[in-house]
Structure formats: structure tokens, C-alpha cells
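Engineer: Structure in C-alpha cells, see below.
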């Protein structure tokens, strides 16, 4: 039986080995690239796959139609997911005749969702387990195939329980996989009335509330002990982490948070005292409790507290859906540079935002807007400004997957707009320069230019009309129901983290990334229809500054406005862009590590994009609205943008890859 496996972490390694031991053929393994901001104490699925000689992939979005097609070509009989962190689309789940099955780290239907290992310890459970279940659209809700119970000892912490669960998972898989291979797959529906759901835990969730019962505080210490981020508190402004503790029943009448003694170090809780066995001050080393007290300058009677508040004024909460994308990650950086903004974000990956994951004002959840509607509705209600940035926005996908473009770019975003109407929240919506289509004006005016697209049999326009229709719906909600909105139209923004060379390899990237990939790989630069199409290229820093000013909305001047954000002075044809890029490439200090230039190749657009494609000769913005509403003017020259973008991509190429 041929299997395709989605796996990560120690549990992923156990699953892969168990599937092999049961005699399955593994056609491919899909995993994740390690996050540099995460403590990767666990085994590497990619390394295991490489050692076993099994093809392994780590796409940013495995649910992308390109990857769905590739998985379909593998023709799996069965699909397994072992601690893979992303939900799989229904298209993938339906590819295997025998079904798709996930290993979950709890006794379902209890503890559905994220981090069940930590949550069972937080809640003081005495038993947990692992469950193999059939995968359906809703996470962790499918029929149960098999489960294995695991007792939780009073001295178990996150790491010891993790090891127990891995061992139980291996026993479970060794028992059930041979049976499944013979076609005998048990199926027991979950009792929805017994289901509980828990969300992702963040490092800041380790903050101790000394007014809680001592058992609650002790369980928190157990749940997030190393290698997890740890339970922590403050002595004044100094943070310290507690790595191990024990319960003492007598608080001697002390107030919660009071230091009862320093040797041993004991702190009063609501109904007892916590003895701190080991801990760590700031970024220092782990020491015993009495030494920690000495380091912190604690004395009996001192009161521990929460971190000091920075300001009495509530910060502005900004919800960014698609926060890991090009605009989303740069906008997050700009907002976090201002003290009065708090960012909440969702996306299907976190590679571009890994540098923010530990930031105290950045709150990220990995998820899909087409699945996590309850989370989105809750955060629309909670936040002040909403930016729905999720969209398929690469031309080749318009002809490859027009229905998927419509479903995501229009239908899913319309639901978010309706939440904004329902809760009366301000929305800053990304329209697109593509809505102008084949407009013949010398420069495109937001309030006067006609929006002209081609015939219905040219699916290339599905993105343009999806965005245009949403623009019109948003405008109508503003007129009829008082929705506060601003529409912004980016004109060919460029810069670091635009997309990836891997995306370019499958044709799903912006023009400059495709050009850079050709230089990196020593293949001819393809000029579609000769590359005579003109665009106005805008530096991401200029674009983000304009977008930031829209969010600030000084004097409410952006309400109900459509604003082009582009640089009319940076107009160039694609051929001119390629020539400028080649010149910068030849001068780059890493040039010697890459193959010789392979020349230019003129390609017909039909052969490259498909028969449903049409192009436009020029696309230049009028930026009068931006000047008037934002006091904004772009300032960065195109050459500077090209050089910085090129440098980012060249330095992202692995040294071994350069040499090959």
C-alpha cells in the first residue's frame, strides 16, 4: 500500500518509522522547515527522510493547487498526518482511496485543537493519550480508528509526558497499521457532546497569577517547563522563569505573591505556597531556588507582581489576515515600531514573520481563513482595524485555477467584510491596480477612470473582477450601512520577502522573482511577448508608509476613499526591469557563485500563461488622492529597490545550492 505522509516533530519521526516497519511504501513525505525562533529540541523528519532515501518537501502552502496536483500524481492509497502543523484541504484528503488519518496527542474527543500535551498538564489531568482518527474538514473531528491511554504521574512535566506519548504512539501504530494495510480500518464516531477544544499556547501564557490556587500555579510550571518557554513572574521590572517547583500546603497567612522564605524559596498563592526548586533570572543560567532569590535580591515579605504597565491608554488593535505575506509581514514590522499598536495575525505559515513571534505585542495563530471562521469573527469583534490581505495574486494562477481565485479572493473575503459590517469595525481593504484592466487613460484615477476587462473566455480577468466586485460591495456597505472603509490599490510593490524562489520554480510568483530565479539557475530570462509591457514599480518601504498612514487615518481623511499607492516616476518595461536587474546582478559581490548569464528568450504569453491570458500595455497610477489624504509621496528610486530585492534573494540561496 502506497502512503504519502505529512509529519513533523518527534511524533512525526515515530510515525514515519512505524509506517515503514508495517510494510507500507512511502511515496513522499511533507514536513516543515524549522522556525529559527523556535527551540527545535525534537527530531528532524526531513533528516530522517533524507537518510531513508524518501523524497521530502516543505512547501509554504501544501494546499496550493500546484502541490495538490503533485500529490495526486503520486497516487497514494492512504495518507497519514503525524503532528503536521497545517490543516490539509479537502482536495488532499480525498486523494487517497483508503482515506487520510491523523495522529492526535489526546484521547479524542477531549482536547481537540492545539497543544494538548501542555493543556492536560495545565488542567491537572491524571490521564491522556494518543488517538488515530480519520481526517475530515473540521480539525480532529473524524471517526476514531484507535487510541492508547497514557497515565500522567504527579511528577510528570511537559518533556517527560512528551516522551510517554511518543512511546504510546509507536505502540498504537505498531498495533493498528498492519490491520489497516489489510483494509480493516475500525471506525467509531466521536461523541460531539464530549468534545473540548483548546487553542494555541503562546510564551506569554506562562505568566503566573499568584492569586490562583497553588496547584494551578504548579501545574502551569509543569506544563511549560524546558524545553518549552517556561512559567514566569516579575520582581519589579525583572523577569524570572520557574523551571521546577513543588506544592507546600501552608502559606502562613501571607498574601498571594508574597515571598514567605528565601531558603527554600517559597511564594504564597491563594491557598498554599509554591516552593521554587530551580529557576532563571532574565536570560541567565538555571540555578536552585535559594540562589535565584539571592540573584533577584528577594527577602521574606517581598511581593512579586505583574510587569509594570507601559501606559493607561489602550493600544489600537490591528487584525491582519495574511500576516505572513509580503505586505502583511512588512506592515507588521512598521506597526510594532510604534508603541501604541498591537497586531493580531493569521496565516497558513510563519516563515516571513518568525522575527516577531516572541514580540509581546504580536499575537499569531497559524490557520486558514476558509476554515477558522470562528477565530476570525471573534478577532474582528475584538480589534479596531481589519486588513484582509489573503488573496491569490499571481497571474499564472488566474488561468490555472480561476475558480479557486474566485472562492478565496471574493467569497472568503466577503464573509470577513460582513463581519466588519456586523461589528461596525473599520476595514482597510487591498484592492488592486488590476481592477483598471485595459483602461486607456494615461494615468489611472481612482474616482474617474473606467474599469475595463476582457471577454469572459479570458479567465485571466477573474482576479480583477473578483477584487472589483468586492470594491463595489464595500462601497455599497459604506453608503447604505455606515461601514468605515478605505480601499488601497498597490501598484507593483517590490522588495525583500516579496515571495520565494521556490514559488518561482513552480511559476507562482511575481515577475521580478521569476527574473531573479533565471539568473540564479543560469537559465534564459523569459520575456513574455518581448517584455514591452510597462509597469510602475514601487518600493515596499514607500508602500508600507502610505498604508501605515491609512491606518492612522489622521482626521478621518481616509474614510470612504480609494487610494492608489504607486510610484509614477518608476515606470519601466519588463525588458528594462530585466536589463537593470542583470546589471545589478553582475556587480553583486556574490556574482561569482552563480552560473553565467544564459541570455534573453522571447516567449509568447499564450504558451507561458495559457490560452486564457491577456496583458495590458501600461499601468500608471494617479496619486493625487494619496498626496491629499496622506501627505505622502514616494521617494525611493527603482534601482535601489531592484538592488535590495536582488540582494535579499541571492543571500537566501544556500551555499551548496550556489555551487551546484
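Cβ coordinates are placed from backbone N, Cα and C, and glycine is handled just like the others.
Residues annotated as region 'Formyltransferase ArnAFT' in Swiss-Prot: 1-304. What Swiss-Prot lists as site 'Transition state stabilizer' is 102, and the listing cites sequence analysis. Per Swiss-Prot, active site, proton donor is recorded for 104, 619. Feature annotation from Swiss-Prot assigns (6R)-10-formyltetrahydrofolate binding site to 114, 136, 137, 138, 139, 140; the stated evidence is sequence analysis. Marked as region 'Dehydrogenase ArnADH' by Swiss-Prot: 314-660. What Swiss-Prot lists as NAD(+) binding site is 347, 368, 369, and the listing cites sequence analysis. Look at Swiss-Prot and you will find 393, 398, 432-433, 460, 492, 526-535, 613 tagged as UDP-alpha-D-glucuronate binding site, backed by sequence analysis.
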Engineer: Of all the recorded positions given, namely 102, 137, 393, which is spatially nearest to residue 368 (NAD(+) binding site) at the Cα level?
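Structural biologist: Out of the listed candidates, the nearest Cα belongs to 137.
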Engineer: What recorded positions in the list 102, 104, 114, 136, 619 lie within 10 angstroms of residue 433 (UDP-alpha-D-glucuronate binding site), counting C-alpha atoms?
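Structural biologist: Near residue 433 (UDP-alpha-D-glucuronate binding site), where near means Cα within 10 Å, the recorded positions are 619.
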Engineer: In the same chain, outside 347, 368, 369, whose C-beta lies within 8 angstroms of the Cβ mean position for the NAD(+) site?
Structural biologist: 321, 322, 346, 348, 367, 370, 371, 372, 390
Engineer: Within 10 Å of residue 104 (active site, proton donor), Cα to Cα, which of the binding-site residues 140, 347, 369 are there?
Structural biologist: 140
Engineer: Report, as a single number, how many Cβ atoms besides its own are within 10 Å of the Cβ of residue 136 ((6R)-10-formyltetrahydrofolate binding site).
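Structural biologist: Taking all protein chains shown, residue 136 ((6R)-10-formyltetrahydrofolate binding site) has 15 Cβ neighbours within 10 Å.
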Engineer: Pop the Cα-Cα gap between residue 535 (UDP-alpha-D-glucuronate binding site) and residue 139 ((6R)-10-formyltetrahydrofolate binding site) into the table, whole Å please.
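Structural biologist: Roughly 43 Å, rounded to the nearest whole number.
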Engineer: Check the Cα-Cα distances from residue 140 ((6R)-10-formyltetrahydrofolate binding site) to the binding-site residues 347, 532, 535 and tell me which is shortest.
Structural biologist: 347
Engineer: May I ask which of the recorded positions 102, 137, 138, 369 is closest to residue 532 (UDP-alpha-D-glucuronate binding site) if we compare their C-alpha atoms?
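Structural biologist: For residue 532 (UDP-alpha-D-glucuronate binding site), the spatially nearest of the recorded positions is 369.
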Engineer: List the residues of the same chain that sit at least 6 positions away from residue 102 (site 'Transition state stabilizer') in sequence and have their Cβ under 8 Å from its Cβ, in sequence order, or write 'none'.
Structural biologist: 80, 81, 82, 132, 133, 135, 140, 142
Engineer: Could you check the binding-site residues 433, 532 and say which one's CB has the fewest neighbouring CB atoms inside 10 Å?
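Structural biologist: Each of the binding-site residues 433, 532 was scored; lowest Cβ tally within 10 Å is 532.
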Engineer: Same-chain residues six or more away whose CB lies under 8 A from the CB of residue 526 (UDP-alpha-D-glucuronate binding site)?
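Structural biologist: Those within reach of residue 526 (UDP-alpha-D-glucuronate binding site), by Cβ under 8 Å and sequence separation of 6 or more, are 514, 518, 601, 602, 603, 608.
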Engineer: Could you check which of the recorded positions 347, 369, 393, 529, 619 is the closest Cα neighbour of residue 137 ((6R)-10-formyltetrahydrofolate binding site)?
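Structural biologist: When the Cα distances are compared, 369 comes out closest.
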Engineer: How long is the line from the C-alpha of residue 619 (active site, proton donor) to the C-alpha of residue 535 (UDP-alpha-D-glucuronate binding site), rounded to the nearest angstrom?
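Structural biologist: Rounded to a whole number, the Cα-Cα distance is 5 Å.
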